[in-house]
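Asker: Next up is a structure, given as structure tokens.
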């Protein structure tokens with residue numbers, strides 16, 4: 001008993017000492033900040049957003065919300081449930097999950113309260129942690145939230161330090177390639193509805209890459225570093241990729257030359273369809289004897305068959321050089337690329353810099369990751385949960401739509417107001433308040449002027465500038481008769497004088513026809 005009491009006393013003293021030291025550190029930091037502020041004095045503060053971030057005004061948000069709604073509606077149509085996780089995780093949860101390069105891009109937070117935390121780098125690792133922590137075996141989920149990367153941002157290319165990801169994932173033990181096929185169908189639906197131009201859903205398999213590398217004589221330890229170079233083939237010629245592998249990464253030249261015949265199979269056989277290109281591997285004497293390649297070819301064929309049954313095969317392209325996200329992907333991988341689209345800046349901002357005149361690149365990517373949950377759960381028995389998913393890069397999608405809107409000079413409506421309550425004479429503020437209250441109570445999106453006696457012309461111009469479709473005009477004689485005037489703002493046509501009692505019914509009919 002005495003020993004237990006001593007231990008408790010020691011623990012309490014230790015906590016108090018730690019709290020005292022922590023409090024002292026906070027006071028010291030605060031004192032330094034105040035001292036720095038005093039030195040600066042009244043110096044003018046530079047007003048700007050932090051590097052790699054941006055503000056979104058009302059017009060930008062209209063486009064942004066349209067993209068998000070399209071994506072969310074698609075996710076829900078496929079039965080997904082939504083979750084949310086903290087914007088920061090314990091540092092140990094994130095580190096080691098993104099490879100050497102990704103690990104360097106994680107934002108670390110200062111020690112606050114004895115826990116080392118970092119801002120989330122993506123939504124996949126937090127999802128795996130969520131599954132393991134809650135012992136969930138099956139879940140179809142979507143998650144839309146901000147993530148953070150300590151990268152060198154290129155704003156004109158839609159690459160930020162703070163940005164949204166839109167993830168759709170299927171967790172659970174299911175039959176071969178069925179979940180993958182639904183993920184590709186989801187991608188096809190989103191891209192078709194956004195109507196951003198021709199796109200490709202490029203498809204590959206980790207086992208195929210492992211088999212090609214093994215046949216080429218590339219060591220297992222060099223797998224990821226070679227993948228990072230090969231994945232540049234969609235933007236760089238083979239000569240540059242080969243030079244990087246041989247001279248910078250010190251990969252044997254003979255191995256690199258042999259690898260070329262596999263990873264450039266699509267470029268060397270542009271007329272072959274997906275199945276024809278897969279058969280090329282089975283016709284090769286060495287590749288046809290490699291277990292990894294044979295398995296990958298078989299699984300990709302099954303996936304292509306299922307995708308066709310789902311009606312999403314028109315834009316799917318098997319691409320042997322696709323080699324991304326392989327720090328945790330274990331099976332099929334895919335990415336979405338918008339073809340022949342480039343932009344020279346956001347919002348129509350022109351740039352003379354040749355580096356800015358680039359294609360938008362990948363706008364979505366995903367694949368199967370069967371071991372990530374097991375890392376958190378110990379990897380034994382039922383603790384491991386296979387997963388497959390896709391993540392949309394909302395910023396790049398939004399950048400394209402924003403640039404297109406600027407080019408096409410599309411009118412941007414930044415509000416959802418359905419009807420405006422106006423007055424034709426002075427002294428009708430309370431009458432307007434009474435009418436708009438009835439509209440709000442009935443669920444209409446309605447506005448009125450904050451001025452007591454606004455001019456009718458100013459009120460009509462406000463509606464025109466904000467693309468408000470309908471206006472209700474109150475007048476003294478009309479009020480005395482219990483009626484109100486309904487006008488179409490676009491052409492200022494006198495539509496109808498209606499009883500105030502029928503106002504809601506008439507508006508509903510008009511709005512259903514005009515919106």
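Glycine residues also receive a Cβ, built from the backbone N, Cα and C atoms like all the rest.
The L-histidine binding site annotation in TrEMBL covers 122, 123, 124, 149, 165, 169, 324, 328, 329. Taken from TrEMBL, the feature domain 'Aminoacyl-transfer RNA synthetases class-II family profile' applies to 52-411.
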Asker: What same-chain residues, at least 6 away in sequence, bring their CB to under 8 Å of the CB of residue 329 (L-histidine binding site)?
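Answerer: In sequence order, 206, 367, 368, 369 meet the Cβ cut-off.
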Asker: Count the other Cβ atoms sitting within 10 Å of the Cβ of residue 124 (L-histidine binding site), across every protein chain shown.
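Answerer: Cβ-Cβ neighbours of residue 124 (L-histidine binding site) within 10 Å number 25.
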Asker: Just how many other Cβ atoms lie inside 10 Å of the Cβ on residue 324 (L-histidine binding site)?
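Answerer: Its Cβ shell of radius 10 Å holds 20 other Cβ atoms.
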Asker: Would you report the average pLDDT that the model assigns to the domain 'Aminoacyl-transfer RNA synthetases class-II family profile' (52-411)?
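Answerer: When the pLDDT values over the domain 'Aminoacyl-transfer RNA synthetases class-II family profile' (52-411) are averaged, the result is 88.
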